[in-house]
Amino acid sequence: MTVLRHPRSWSCQWLPLLMLLLGTGYEPGVEGVTHYKAGDPVILYVNKVGPYHNPQETYHYYQLPVCCPEKIRHKSLSLGEVLDGDRMAESLYEIRFRENVEKRILCHMQLSSAQVEQLRQAIEELYYFEFVVDDLPIRGFVGYMEESGFLPHSHKIGLWTHLDFHLEFHGDRIIFANVSVRDVKPHSLDGLRPDEVLGLTHTYSVRWSETSVERRSDRRRGDDGGFFPRTLEIHWLSIINSMVLVFLLVGFVAVILMRVLRNDLARYNLDEETTSAGSGDDFDQGDNGWKIIHTDVFRFPPYRGLLCAVLGVGAQFLALGTGIIVMALLGMFNVHRHGAINSAAILLYALTCCISGYVSSHFYRQIGGERWVWNIILTTSLFSVPFFLTWSVVNSVHWANGSTQALPATTILLLLTVWLLVGFPLTVIGGIFGKNNASPFDAPCRTKNIAREIPPQPWYKSTLIHMTVGGFLPFSAISVELYYIFATVWGREQYTLYGILFFVFAILLSVGACISIALTYFQLSGEDYRWWWRSVLSVGSTGLFIFLYSVFYYARRSNMSGAVQTVEFFGYSLLTGYVFFLMLGTISFFSSLKFIRYIYVNLKMD
């Protein structure tokens, strides 16, 4: 149950536009720290609260009945911070650099029964708060809950009314910040009459200590006092499992190319030499396998415009994913900087729209497409429309519940402006270049006007079986790593093993290409030349397995609950599976096309 009301109105500055144009806004390795003198004021910003097990369900801190200034002054945030649900506002805590404070009064409060009940429900749902000091997040639970045995059963709820802040400094910089309630007794919220007013006095202490650590990055990443789990360590099981699968698949495809194809080509070419004198152009009599369909294998598929749009958007996300991982490897995402990856992802998506337009229009013109304007519109809508519809539902649910994950109107207009002024024009420009630079398809085999009848196929060569095999094998290569990624995106862990992530990403693409070639060969051997869409669907179905895994993760591996978290989780998980379908479908198609060109170029024909 949502117990919070809508926050007070706050203004969002247009500074995020500059942050977007500058990417993350920080150079690699440079930390955004402030230099202080002894006695200088240190601003503590209150940020958000929310259920511990629902990372994406967050609310403004001042939506709770807590000590609040008469006039709330919000901090100007970057685009990535807004997308991350941050809503920082100045607090009443008075902290000065290197000056200790012993139990100073923050404010006196008189809480009504409704406000006490609001706090009780928040504590029962394990609400935690997040403050920010000099870009360092500090977190703690709002209150304390104790459950005793079955008989006699007791249920105790208390509110933390005193916070101990521990800050470490080196020279004139703050290196570490934490909050503790270790030696504090909670104020009980039990046994109050419905009409009783609860009087509270909130206090705080500040303790400074010097540290020998010179940089924040020198501390172990993810160390925020143990509130959230530590940074994920290297998981060798995932790496070994993926490497074994890749070696097996690459070896399997190598056997096909080196032995089976060599035997096929030797047999087909020998038959061609012995029968070419009298058979003329009709030399497929008595033949079987992939040779007999040489006049149909390059027959253009139905819905070619949609196929080209899928390939274009898939190529764009391949570039986007590679770019994000490479930027992470180069150290461009400061672990202390909120929302840097969000800003970079939006920037790269807008800039890589030219790739989707170019690839889609280029291949569409190659296979004889004429309605290139419609093809560009379809390409630019293939992901943006499903994303907008999904985001509209998710954002509406957040807005209705007063969550800080609901984007302000100014941020929505900013993102829409970026797409209209950068993304869509680059798609059109890429499409024009792709159309003008397109060369003929240049198929190695002549296609007949009348299509050959496809013989009945066994059940194990059906589309469903190919999708099952082609989707499960790439998924199994990343299944172990996928848990850690989900634990990072939908949990509390911090993922910093970008080298391992890049390795697994390369494995995923390699496995997809290999299994696509193998399945395409089996399909052509059965004299079924409808490989165009089959190659996209076979390996692209990995996205369906990823979505099914997300359902398993939600039910068995997480403690998420509630309408807000559920709608966001399944909405964006469905989009994630769709993106993987586009990426892997593109890799699968072009791998199959390259393979088919290779075998038919080496087939002797008149």
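Cβ atoms are placed via backbone N, Cα and C, with glycine included.
Note that TrEMBL annotation is computational and uncurated.
Values in this document were obtained by computation on a predicted structure and should not be read as measured data.
Taken from TrEMBL, the feature signal peptide applies to 1-32.
The transmembrane segment annotation in TrEMBL covers 236-258 (among others).
Taken from TrEMBL, the feature transmembrane segment covers 306-333 (among others).
For 339-360 (among others), the entry in TrEMBL reads transmembrane segment. Cβ atoms under 8 Å from those of the transmembrane segment (339-360) belong to residues 19-21, 23-26, 78-84, 86, 308-309, 311-313, 315-316, 319-320, 323-324, 327-328, 332-333, 375-376, 379-380, 415, 418-419, 422-424, 426-434 of the same chain, restricted to positions at least 6 beyond its ends.
Counting residues 6+ beyond its ends, the transmembrane segment (372-394) has Cβ neighbours under 8 Å at 305-306, 308-310, 312-313, 317, 353, 356-357, 360-361, 364-365, 419, 423-424, 427-428, 431, 435, 567-568, 571-572, 574-575, 578-579, 582 in the same chain. Among the features that TrEMBL reports, transmembrane segment is placed at 372-394 (among others).
Taken from TrEMBL, the feature transmembrane segment covers 406-433 (among others). For the transmembrane segment (406-433), the list of distant contacts is 10, 12, 14, 16-17, 20, 79, 82-83, 346, 349-351, 353-361, 372, 375-376, 379-380, 384, 395, 398-399: same-chain residues at least six beyond its ends, Cβ to Cβ under 8 Å.
Per TrEMBL, the feature transmembrane segment maps to 464-486 (among others).
What TrEMBL lists as transmembrane segment is 498-519 (among others).
As annotated by TrEMBL, transmembrane segment applies to 531-555 (among others).
Residues or ranges marked as transmembrane segment in TrEMBL: 575-596 (among others). With a cut-off of 8 Å between Cβ atoms, the residues of this chain six or more beyond the transmembrane segment (575-596) that come close are 297-298, 310-311, 313-315, 317-318, 321, 382-383, 386-387, 390, 470, 474, 508-509, 512-517, 520-521, 524, 531-532, 535-544, 546-547, 550.
Between the transmembrane segment (498-519) and the stretches 236-258, 306-333, 464-486, 531-555, Cβ pairs under 8 Å are most numerous for 236-258. With a cut-off of 8 Å between Cβ atoms, the residues of this chain six or more beyond the transmembrane segment (306-333) that come close are 23-24, 26, 28-29, 340-341, 344-345, 348-349, 352-353, 355-361, 363-364, 367, 369, 375, 378-379, 382-383, 498-499, 501-502, 505, 509, 532-533, 536, 579, 582-587, 589-590.
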